[in-house]
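Some features that TrEMBL has for this protein:
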TRANSMEM  57-78  transmembrane segment
DOMAIN    65-288  domain 'Cation efflux protein transmembrane'
TRANSMEM  98-116  transmembrane segment
TRANSMEM  128-145  transmembrane segment
TRANSMEM  165-184  transmembrane segment
TRANSMEM  230-252  transmembrane segment
TRANSMEM  258-280  transmembrane segment
DOMAIN    292-365  domain 'Cation efflux protein cytoplasmic'
Amino acid sequence: MESDEVPVLISEHLNNIEMVTTSEENTVLPIASHCNSICAFSRLEHSSLESQERKKIAFKLFGLIVFYLIAMAIEIVGGLKANSLAVLTDAAHLLTDIAGLLVSLLAVWASGWEATPHHSFGFSRLEVLGALLSMGSIWLISGILTKQAVDRILNRSARVKGGLMFVVAAFGFIINLIMVIWLGHEHSHHACHHHHHHVHNLEGGDEEENAQLVSTSLPNKNLNINIQGAYLHAMADLFQSVGVMIAGALIWAKPNWFAVDLICTVLFSAFALCTTLPMLRDIYSILMNMTPEEINVGSLEKGIKCIKGVRDIHDLHVWAITVGKLVLSCHVVAEPGANSSDILSSIRDYCEKVFRIHHVTIQIEQ
C-alpha cells in the first residue's frame, strides 16, 4: 500500500498539524490540517525582503532591455545603410541578448506567482520554455545571416561602406562598454553585500537564524544570476564590436576587402551558436529530469545514511524545476524505535545546508 509523501519543510510546524497513520508498516507522519499548502519555493520567494529584491532585479532587467532595443535599432539601420552583414550580425547578437533578458525577466516575474493546485511546483519552469524559444530564434537568425554571407562570397556582389560600418560599430562598442561598466559595478556590489550579510549572520552563532539564512540565500543568488548573465553577454558583445570596428576600418582603408565583412559574419554567427550550447545542455537536463551536475548523489546518499535513526535509503531522486531550484524525494528505512520527526528534521536540515535542496519529500518506512 502506498503512503502519503510528506514535504519535510512542514515539520517545523508540528504543533499546528494533525497526525495521520498511513499503514501498519509505515511510521505515523504529520500532514497539514488544510489542503491549500504552499509550495516550498513559494515560501522562499514571497517574503517581503525577497519581493523587494525581485522588484529591483526586474527594474534593472527592464532598463537593459529598453537600452538594448535602442542600440539594436540603430545598428540595424546602420547595417542596412552600410550594406554590412557583420553589423547586422552584431545587431542580431543584441537581439539574442534581448531575448535572454526577456527570459530572465519572465523568470523573475513568474517567481512572484504563487503555486496553485494545478501548478503545485509554481511557474518557474516557464523560464526553461522561454529559453528554448530564445535559443531557437538565435539559431534561425544566425542561419539566415550565414546563408547571406555565403551567397555574397560566391557571387562577389557585396559593396560595403567601411566608414559607416566603422562608425556604427564604434557606437555599439560605446554602448556595450557602458553596459559592462554598469553591470560590473552592480555585480560587484551584489557580491560584496551578500558576503557581508552572510558573515555577519554566521558570527551571531544562532543555529536557527543561520539555517534561515541558508534557506533564504538561494533565491537571492538565483535572482542575481540574471544580472551576472547580462554582464557576461555585454562582455561578449564588447569584443564582437571591437571585431566589427577592425573589419570596418580595414574595408574603409581597402574597399576591395569586403570579404572581411562576410568572414566576420560567419565567425560571429558561429560564436552566437556556441553560446547557446550551455543553454541547450541545461534545457535538456531539466526537461529530462536529470540529476543536476552540482549534486553528488553518492555523497548525498551517504550523508543521509549517516543521520541518526536512518538504517537505509532507496528510491532517491533529485531533479531541478529550473536552474537553481532543486527537488528531492526518497524512501527512508528507519531504525526500530527511531523518532520519525527527528529523522525528517535532520534530513531536511542536511539537504538545505549542504546541498541547497529546499523542496524535500520523504517517505519513512520501518
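Backbone N, Cα and C atoms are what each Cβ position is placed from, and that goes for glycine too.
Values in this document were obtained by computation on a predicted structure and should not be read as measured data.
Here the transmembrane segment (165-184) has long-range neighbours at 64, 67, 71, 74-75, 78-79, 82, 84, 86-87, 90, 94, 227, 230-231, 234-235, 237-238, 241-242, 244-245, 247-249, 251-252, 261, meaning same-chain residues at least 6 beyond its ends whose C-beta is under 8 angstroms from one of its own. Look at the domain 'Cation efflux protein cytoplasmic' (292-365): DSSP puts its residues at 25 helix, 30 strand, 19 coil.
Non-local neighbours of the transmembrane segment (258-280) in the same chain are 84-86, 88-90, 92-93, 96, 131, 134-135, 138-139, 142-143, 145-146, 148-150, 152-153, 158-160, 165, 236, 240, 243-244, 247, 250-251; each lies 6+ residues outside the stretch with a CB under 8 Å from one of its CB atoms.
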